[in-house]
Amino acid sequence: MSTHPAKSARLTVPQFVARKTEGKRLTVLTAYDYPMARLIDEAGIDAILVGDTLSMVVQGHDSTIPVTLDEMIYHAKMVTRAVTNALVIVDMPFPSNLLGVHEAIRNAGRILKETGAQAVKLEGGADQAEVISGLVNAGIPVMAHIGLRPQLVHQMGGYKVQRDHERLMNDAQAAADAGAFSIVLECIPQEYAAEITKMIPIPTIGIGAGTSCDGQVLVLHDMLGLTSGHVPRFVKQYAGIGESITNAVRQYCEDVQKGEFPGPEHSFR
Ligand code: KIV
């Protein structure tokens, strides 16, 4: 038996980071299951984030707080089974990175070990610097997430653009200094995102942070038109899949009720 199993062709963390100096913008989308992950991987996305937005867009909660570590792992396994090209990053759900460095390593270690993902993401900057460096020293690549931090929704009193310049700069620098390989900038003024992108050597991935970031991320269900209700300003909807599904199901019900489905071509003799 070979001691060298076939290498994955997935984008690696160092290749992801190198894109900044190569000047090639990074594309990131969320995915939470096998069929969607397969489709977006085949379409050429650079990285797939198994985001804790799973809690909202798949599980139907009104925040990202309820999703558990076991549920994140369950969904991340479906994603990694489907992906052959993209880097796979998994969110650390609340409060799996907030219970000290030891516990964070245990939880992030489970994510890498049980799912086959290559990196974790956690919400935090300066406040999480110790955890980020602990994880990195344990060999676990970390993407930080600053600006609007949805896990702090109750403390922030809603989902709002974050404008504290000093705090944003400190958070970005602290996360980079602690060894994060990349930082998500969520809902911050575009000039601040441009300043951070120039200031730190690692890729910035924007969501509601303007065009100067090294890459962009969106929640897949938002950009495909699969979510209902309010669509945030920073989302561009590239498809109306939700409407297509409703129309297809209405047509199916009508066909069955009228006796037009199944037709002879769907039946056996
Ligand atoms: O959980 C998630 O989907 C995210 C993105 C919005 C960046 O953190």
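Every residue number used here counts from 1 along the chain in the order it is shown.
In case you wondered, yes, glycine gets a Cβ from its N, Cα and C as well.
With Asp52, Thr53, Lys121 listed by TrEMBL as binding 3-methyl-2-oxobutanoate, the candidate from Asp91, Asp164, Asp171 annotated for that site turns out to be Asp91.
A Cα-Cα distance of 13 Å separates Glu186 (active site, proton acceptor) from Lys121 (3-methyl-2-oxobutanoate binding site). Sequence-distant neighbours of Asp52 (3-methyl-2-oxobutanoate binding site): residues of the same chain at least 6 apart with a C-beta under 8 Å from its C-beta are Thr64, Val67, Met72, Asp91, Met92, Pro93, Phe94, Pro150, Gln151. Sequence-distant contacts of Glu123 (Mg(2+) binding site), defined by Cβ-Cβ distance under 8 angstroms and a gap of at least six in the same chain, are Met92, Phe94, Asn97, Ala144, His145, Ile146, Arg149, Pro150, Gln151, Leu152. In terms of local Cβ density within 10 Å, Asp91 ranks first among the recorded positions Asp91, Glu186.
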